């Protein structure tokens, strides 16, 4: 650690100081600007932006099942965002949430399928296994940084691809693979976290749901306990970072590793710990995704984007636990609502990626926002004077 | 041997005001410099001298005021214009591209080119050799910057300006990193240059050099010009009083004291630097309780590596470090702190503080996991804040607020936070590395007083400083470090600057004790 | 045997090409001190525009240039953010990685009746193969050298960029700006102009890289086409120690594994090995090599740090 390494010098180190600051005001202004950019793009392409946004909003809130889908969609990205934010706060840039998510998913699929236990043991076991495996996976990057000065951005990019191919390898193993498909067998019912999964398929469940429109509609979705776990994880992350000696250590290393080292904190161990925790969080996201939505894993042609989307969610949420919950819901709402403008208006739903890109882009430039605000103030001042 | 042409006002800066936000760095400053003169700008750290010169060089734009070069009003909006007007600047922190060669650094921005934008490197080397011979500033154009000494780097900086045809040279704190002998050489070079009709402005806070080198001196305090004086008619004390705005005594009050037992023993220590070259080469030193041992030396002679090795931040290759008879060689910083050794680090912003943390959080940097600050891994904010408030009171940290971030404090107050924290650990050995760097006079006095206090409390204090005056004023004994070894130890009472200077340049006698 | 080798070398060259373009983009921008994690997004927009212009104009060269232009425009945004507004360069790059693919798919739907896959370019308006038909079909030389023009241009670009960075006045200034912008500034070098130039060029190169996929390797754009090549190029650039020739070798390493995967995936392959495991290899190898020496390699000292003129 004592040599000047690549790790000392490059981008993430310097940037993190800013990333951890993220303020609510800038986020809100950036979101607003993102919507304006989206509207402009839609208008240029010949669509009515107000109509499009109307479709998106009603596509998210007009039915209980829509809201449920939004919540379901927000769960994995809230957790990967927590993973990324945790690493950010401790001075590391975890681009590897994507791969750690995959590892969590693989582990959950294996433990969910091969192990047979009652639910109250099986579910925690699957989750813990997914978190442990992904934690170790993330720990590799922490170890490489601490020991060899390999920058975590590069090592996690590599680890993402290794995880993807590992996933594809495991999916195809005979005995795990579902015959004639590129998928594995589904996990045992005991590892399933969908709310009232058994009951809602039973005759009496169906009967009851038919009589209750709200629940009937909401529970048609694979609404699951994942979101509750995401909130619990958000609280744990907040508590750990702000109230514990571990958080004090990790943040000190993140803000200024030289001072932390001088103060007697073991910097290498902190980096490792931090990446393990960050990886475990992303792994939880992957595990919950398997337990709640996909039930199995499939061969992947490309990255699914849970990790990368998590980066955006973390940035928009200002890296705070509370902010991430809201920005995760926003992101998911955009994705889910955005998918509806295609069939309704023929407007490309990818406009939401442009909007998200624009929001992140503005978040990167507090100086621009300050400049804009300054000019607005000036104009107002001039008006008032005139 | 003055060669001043009083009819030619090379530079006139009139009513210069420079504001950074609410802060006024230059408040209505006037400066006139004649051709062939060496003009000193004197002021404390942060007084605004560098800002003024950065304005002259076009790096900053003045908020108001005007600049005349040889009587002609000019708008220096960027360095290119300054260069065209014959102004060259040697910055305090050298502006050299480390992986480039000497020649590449000198020609950068004015490269001799052949076809296709190709650099004519042969021509560049020739040009550099030519001017370096003309002014007696010898350099090897093909050396890489990171391979040459600091003194040599400074020559490269001066050559950069001369290559651009500079008539006016601004030298920002040019002697900070030089040995007394190198300083003499620099003064000779400056004299040569003025003989050639060049004009020189030096920015400095060292009075002695002004007496030796400058013809005129303009004193700046808190952004305002206080006076311009002819140096030969002014005493050092007068200059000092004008710089600080009150009478200053450079003597540190301390009473004679018998030293006690051996507290820190360094035996034949070998430590490598970042480039894996031995920087500390078999250094031995003993520090006793109740004394301040000052280590004098020119920057880059192994001081940084020595301190880092002592505090557990850098690996010891060979040799031994003992605190109170306990071997702490290659222990972790944590173990060393636990063995009652504390340190005030060389770079307070890099090592000493987590700037993004509050003052209170910084106060517990070494003790965050101990009771009462934490129990079972959970921090106790009430206890932490109470502790911090006490220290803030005791050490007069301003503002009196433990919840503000450390980065919001002034340099002097940041240093107070560090000292408070380190001293409160009640160490037996206190290492102070360049503890007054960049501080103003008031803060310097506080730091010196604190060091003496620790000595009087029977602590062993090891002071490592590049400021020879500081070492001479504060220490009981003085050790001189040169090329990673102690080349001599003298009693502070018997020390004189010339002998020390000679030793710092490698002319000392190793056997001397 | 020789044919097999020829096949592997040939596919290696083909698959390395897009990476080389993008990695060179990384080299030039990082040498000027601006990090560009958005290469992926710039490649994607380049691939779409290349395929679209190529399809509608029937001229692959026009498509290729348009792709560079598109990448450059996206890079301009990165430059505005990171040079003018002192943005966090990593965050801005991440934004570009949302914007690039988002725009590409958005435009694809507009240009191709709602499809996210562009229509295939007819064979005769794909990138030409300058040495096609010179060597006997499927001979060793044919397998190695019968490449699309983009392949040759990529290697030419490696040389050009090397010459630019290490032999010219502009190159010296670029590297000075990346190492010590203040030093360059005090000598009157225009930091902003150089960084804008380099960032935009990095987008142009990345756009070329994208087009070298959609106009040559395949003949259309689809959402998964670029999938991660920009990130691999970024890794290759670091692996290659920020030097054009180094980046090229690193790209060839990634390319050769791709070549092997294709080769061993053929029915007549001499032995069977899990394609998944083989695909993993270059990434594992990169990690191991990074542990060994690149960890201590030096990035340009000022990379990732916005330059503030009025800094005190």
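Glycine is no exception: its Cβ is also placed from the backbone N, Cα and C atoms.
A Cβ distance under 8 Å defines the sequence-distant neighbours of the transmembrane segment (A:24-46), meaning residues of its chain 6+ beyond its ends; these are 52-53, 316-318, 323, 327, 330, 347-348, 351-352, 354-356, 358-360, 362-363, 366, 369, 372-373. For A:24-46 (among others), the entry in TrEMBL reads transmembrane segment.
Residues 16, 19-20, 59-60, 94, 97-98, 100-101, 152, 218-219, 221-224, 226-227, 229-230, 233-234, 237, 241, 254, 274-275, 277-282, 284-286, 288-289, 292-293, 306-307, 309-311, 313-314, 317, 319-321, 324-325, 327-329, 331-333, 335-337 of the same chain lie 6 or more positions beyond the ends of the transmembrane segment (A:66-88) yet place their CB under 8 Å from a CB of it. The annotation transmembrane segment is assigned in TrEMBL to A:66-88 (among others).
TrEMBL lists A:95-115 (among others) with the feature transmembrane segment.
As annotated by TrEMBL, transmembrane segment applies to A:121-144 (among others).
Beyond the transmembrane segment (A:223-241), the same-chain residues lying 6 or more positions past its ends with a Cβ under 8 Å from any Cβ of the stretch are 68, 71-72, 74-76, 78-79, 82, 85-86, 89, 127, 193-195, 247, 250-251, 277, 281, 284, 288-289, 291-293, 320-322, 324-325, 328. Feature annotation from TrEMBL assigns transmembrane segment to A:223-241 (among others).
Taken from TrEMBL, the feature transmembrane segment covers A:271-294 (among others).
Feature annotation from TrEMBL assigns transmembrane segment to A:306-331 (among others). Cβ atoms under 8 Å from those of the transmembrane segment (A:306-331) belong to residues 19-20, 22-24, 26-27, 30-31, 70-71, 74-85, 88-89, 95-101, 160, 230-231, 234-235, 237-238, 282, 285-286, 289, 356, 359-360, 363 of the same chain, restricted to positions at least 6 beyond its ends.
The feature transmembrane segment is assigned by TrEMBL to A:351-373 (among others). Sequence-distant contacts of the transmembrane segment (A:351-373) (same chain, six or more residues past either end, CB-CB distance under 8 Å): 18, 22-23, 26-27, 29-31, 33-35, 37-38, 41-42, 52, 312, 315-316, 331, 334-335, 337-338, 341.
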Checklist outcome for this item: Long-range CB partners for the transmembrane segment (A:271-294) (under 8 A, at least six residues beyond its ends), listed in sequence order, are 72, 75-77, 79-80, 82-84, 86-87, 90-92, 94, 96-98, 100-109, 112, 123, 126-127, 129-143, 145-146, 152, 187, 191-194, 222, 224-226, 229-230, 233, 237, 240, 246, 250, 253-254, 306-307, 310
